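Only one structure is covered here, and it is reproduced in the block below.
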Amino acid sequence: MFDQIPDPGVPPVLDIVVFLQLTTCLFHVMNCLLMSCLGGSDALRSGETLKCAGLGIIQDQGWEPVPQTIMLMFPKQIKCTSCHKLQESLLSSASGFKNYRGILNWCVVMLVLSNARLFLENLLRYGILVDPIQVVSLFLKDPYSWPAACLVIVSNVFILVALEKLGLLIHIINLTVILCFPMLTVLMVPSVTPVGGAFALGSYTILFLKLYSYKDVNRWCRERLQVKARPSPPSADGAVHVSYPGNLAFKNLYYFVSAPTLCYELNFPRSQSVRMGFLLRRLFEMVGENLFLFRSHILVVFSVVPQWMVPIIQSSMKPLQDMDYSRMIERLLRLAVPNHFLWLIFFYWFFHSSMNFVAELLRFGDREFYRDWWNSESVTYFWQNWNIPVHKWCIRHFYKPLLRKGASKLLSQSAVFFASAFFHEYLVSVPLRMFRLWAFMGMMAQLPLAWFVGRFLRGNYGNAAVWLSLIIGQPIAVLMYVHDYYVINHLEEAADPGAL
């Protein structure tokens with residue numbers, strides 16, 4: 001008989017559940033009674049019954065209702081009224097509810113926790129791989145020779161030659177040399193590192209686009225047959241407005257070269273004054289510690305690359321050589337997160353912090369450097385809104401001129417993507433000293449992708465497709481270039497004993 005008695009140390013699960021439910025209901029009842037006594041219960045004041053506050057649950061489970069003494073104590077609050085109305089659940093699209101800030105915060109917390117796990121796993125597996133000396137060596141091999149910096153300084157010669165007074169033919173030759181001279185220098189000077197070469201070529205590419213716009217605008221002024229005009233008197237805001245050919249001066253040209261825009265105008269919108277607080281904040285974001293967004297952009301970049309990305313890329317070489325597709329996809333997905341993280345840091349650092357800093361310093365008024373590209377529901381919308389200076393230049397100096405010459409919209413759009421693909425390949429292949437056309441093909445692949453997303457995907461599906469192309473597309477090109485660079489510069493040297 002005693003064998004059938006349950007162990008008192010292990011209470012039955014059903015008893016525990018009933019006890020917890022009963023306790024919860026009693027807590028609800030006592031809370032409502034207490035709030036009613038204190039005069040702070042909105043629910044009881046509005047006429048809701050104690051049944052709605054918790055007594056109904058007890059009655060549904062077969063228990064006795066609240067004693068009559070409580071009913072006599074609170075006769076007004078016990079009056080029964082309806083507690084239901086016609087309404088949708090908050091997560092239903094028909095509810096019209098849009099405040100999902102808590103869910104967004106949850107996503108951020110989950111993202112931080114998941115990446116923290118990856119960070120700890122990386123440290124446990126590889127240790128600390130960040131080497132400051134190796135980071136410095138990326139920019140210069142010889143500490144007494146800075147070829148990339150010297151190459152950027154030489155670009156002032158092309159700026160001086162660009163004055164309109166020297167003629168159209170000089171402009172054409174000057175623009176051609178701007179693209180060819182740095183390319184030949186990077187290819188022929190071994191001391192130029194890939195990072196330094198990319199910086200120098202990027203500077204020359206920006207200069208090329210600026211001087212091309214400078215040439216076009218002055219040509220339009222000549223075609224309109226504007227008479228010579230001296231600078232007009234200062235306006236109410238203190239700005240001096242000029243007209244052609246009063247703009248043909250080194251001061252005007254250098255202001256345009258320094259301004260965060262690619263499209264030239266005779267008179268740019270100017271702000272009233274320099275806001276020191278705004279300027280210091282942008283400078284703080286560029287080189288210091290941002291307490292709200294990113295902590296020292298340069299430190300983060302050169303910590304993530306050697307610590308997180310390099311081990312993944314090194315472990316990807318063998319699967320690429322063996323054409324192990326499952327391993328290749330796994331490495332690609334692992335590389336996608338840090339690569340996309342760096343891309344977002346670059347976007348904020350360059351398009352927001354740096355360009356706003358320069359604009360504030362020069363009192364440049366047009367601060368629309370980007371739009372809401374993160375809401376892009378099509379690939380076309382993304383390319384039109386993520387880099388506004390380049391988009392304005394393409395529309396003004398390339399796309400519309402082609403339309404005026406009779407080209408179709410499709411042909412003009414294809415030509416714009418072709419030019420963009422050329423410059424992408426120019427900025428990647430030349431510093432690496434190898435030509436594989438991965439960046440070129442990646443940009444040209446945007447045309448069929450834009451057609452597919454615009455034709456078959458809408459709304460959130462289109463936005464998800466754009467994000468997926470950004471997160472997955474770039475790591476593919478990174479793996480291709482790193483693999484080819486590794487094969488050319490390491491495997492061939494190891495196979496050639498005479499090179500050692």
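In case you wondered, yes, glycine gets a Cβ from its N, Cα and C as well.
TrEMBL entries are annotated by machine, without manual review.
A quick note: this is a predicted structure, and the numbers were derived from the prediction, not measured.
According to TrEMBL:
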ACT_SITE  His424  active site
TRANSMEM  16-38  transmembrane segment
TRANSMEM  103-124  transmembrane segment
TRANSMEM  144-163  transmembrane segment
TRANSMEM  168-189  transmembrane segment
TRANSMEM  195-214  transmembrane segment
TRANSMEM  291-310  transmembrane segment
TRANSMEM  341-362  transmembrane segment
TRANSMEM  410-429  transmembrane segment
TRANSMEM  435-453  transmembrane segment
TRANSMEM  465-483  transmembrane segment
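In this chain, the transmembrane segment (144-163) does not touch the transmembrane segment (410-429); fewer than three CB pairs sit within less than 8 A of each other, excluding pairs fewer than 6 residues apart. If one looks beyond the transmembrane segment (195-214) by at least 6 residues along the same chain, the residues whose Cβ comes under 8 Å of a Cβ in the stretch are 138-140, 146-149, 151-152, 155, 158-159, 162, 164, 171, 174-175, 178-179, 181-183, 185-186, 253, 256-257, 262-264, 390, 393, 396-397, 423, 426-428, 430-431. When Cβ-Cβ distances below 8 Å are used as the criterion, the transmembrane segment (435-453) is approached by residues 378-380, 383, 413-414, 417-418, 420-422, 424-425, 427-429, 462, 465-466, 469, 473, 476-477, 480-481, 484 of the same chain, each at least six residues removed from its ends. Sequence-distant contacts of the transmembrane segment (168-189), counting only residues of its own chain at least 6 positions beyond either end whose CB sits under 8 Å from a CB of the stretch, comprise 147, 151, 155, 158, 161-162, 197, 200-201, 204-205, 207-208, 211-212, 215, 219, 426, 430-431, 433.
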